[in-house]
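Below is one structure, written out as structure tokens, with a few remarks after it.
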Amino acid sequence: MKSSPSASSLKDLGIGPELATHFFKPIDRSAPPSPTKRHTKITVVGAGNVGMAIAQTILTQDLADVLSLVDANPDKLRGEMLDLQHAAAFLPRTRILASEDYSVTTGSDLCIVTAGARQIPGESRLGLLQRNLSMFRSIVPELARRSPDSILMVVSNPVDVLTYVAWKLSGFPSNRVIGSGTNLDSSRFRFLIADHLEVNAQDVQAYMVGEHGDSSVALWSSISVGGVPILSFLEKQEIEYEKELLDKIRKAVVDSAYEVIRLKGYTSWAIGYSVASLARSILRDQRRIHPISLLARASTASVKIRRFSSACLRSLAGQGCLG
């Protein structure tokens, strides 16, 4: 019997009948791929400039199936909800809810708290503390009661202190209460280094740690550009630098927020993207390293030490701190 062209071609390639049978396995009875079962709910408390920047970024990056907004101002809240809902044709499919009542937050996987008094130009983040404490006493217990298995993320300033307050008020394990920490400070740091070296900020690895804001610390020894330690990179590129330049970059990082507040009255977009990156790492279990506010305990003799803003690996399964 004359072989078909396809059989001859396979034979010429050294593919025997048995291998050909497996190679061309019929698919008519094959089961279709299982549908992705993802139902992620994120709550954002506070419909101000920061809260809405976070909400908008979460929507455009398709991080949630349900997005719940909570605010004390019903008119603004409804207006923001409608404005986002009217963009449904241009966004990934996400159900958007909004209410003054915390029942709308029930069953959230991630609760993000941005509510708080707006920082006045020239005011330190610690100056906000007393004005924000009373708000947290009414917000955090409600979130914890309605979403007892959620992760609680604090963005309100001063973020490190308020993250500790949220942990105490929630009754959650310490690994489920985090703050946005110095994730944004580190992004500003990377941008300024990249701008000076004329490289892409995504090719710069650099961290600011410690307290978010004025007293944050630049980890100069850990900076790399394209995987090359910064000092080696500067030598290879024959770029001269002085200690004064490093101090200038660190000061620019600290002053960045104040400059933006002076120019436009508030910060919003950068923190929106920063928080969205944290949400993605947590909810998608990406096991990325972020400098966040997280309770860490250490003991020296009889002295107990609590500290925040370690560089941590975050996921729904847990975290590991680098220091």
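Please read every residue number as a count from 1 along the shown chain.
Cβ atoms are placed via backbone N, Cα and C, with glycine included.
The feature active site, proton acceptor is assigned by TrEMBL to HIS212. Of all the Cβ atoms in the protein chains shown, 29 others lie within 10 Å of the Cβ of HIS212 (active site, proton acceptor).
What TrEMBL records for GLY46, ALA47, GLY48, ASN49, VAL50, GLY51, ASP71, ASN132, VAL155, SER156, ASN157 is NAD(+) binding site. In the three-state DSSP reading, VAL50 (NAD(+) binding site) counts as helix. Around the Cβ of VAL50 (NAD(+) binding site), the number of neighbouring Cβ atoms within 10 Å comes to 27.
TrEMBL lists 40-179 with the feature domain 'Lactate/malate dehydrogenase N-terminal'.
Residues or ranges marked as domain 'Lactate/malate dehydrogenase C-terminal' by TrEMBL: 182-297.
Here the candidates are the binding-site residues GLY46, VAL50, ASN157, and by Cα distance the one nearest HIS212 (active site, proton acceptor) turns out to be ASN157. Mean predicted confidence for the domain 'Lactate/malate dehydrogenase C-terminal' (182-297): the pLDDT average there is 87. Neighbour density for ASN157 (NAD(+) binding site): within 10 A of its CB lie 28 other CB atoms from the protein chains shown. Residues near VAL155 (NAD(+) binding site) in space but far in sequence (CB under 8 A, at least 6 apart, same chain), listed by position: VAL50, ILE54, ILE112, VAL113, THR114, GLY179, SER180, ILE271, VAL275. Comment: NAD(+) site residues GLY46, ALA47, GLY48, ASN49, VAL50, GLY51, ASP71, ASN132, VAL155, SER156, ASN157; largest CA to CA distance 17 Å, whole number. Neighbour counts of Cβ atoms within 10 Å were taken for the binding-site residues GLY46, GLY48; the minimum is at GLY48.
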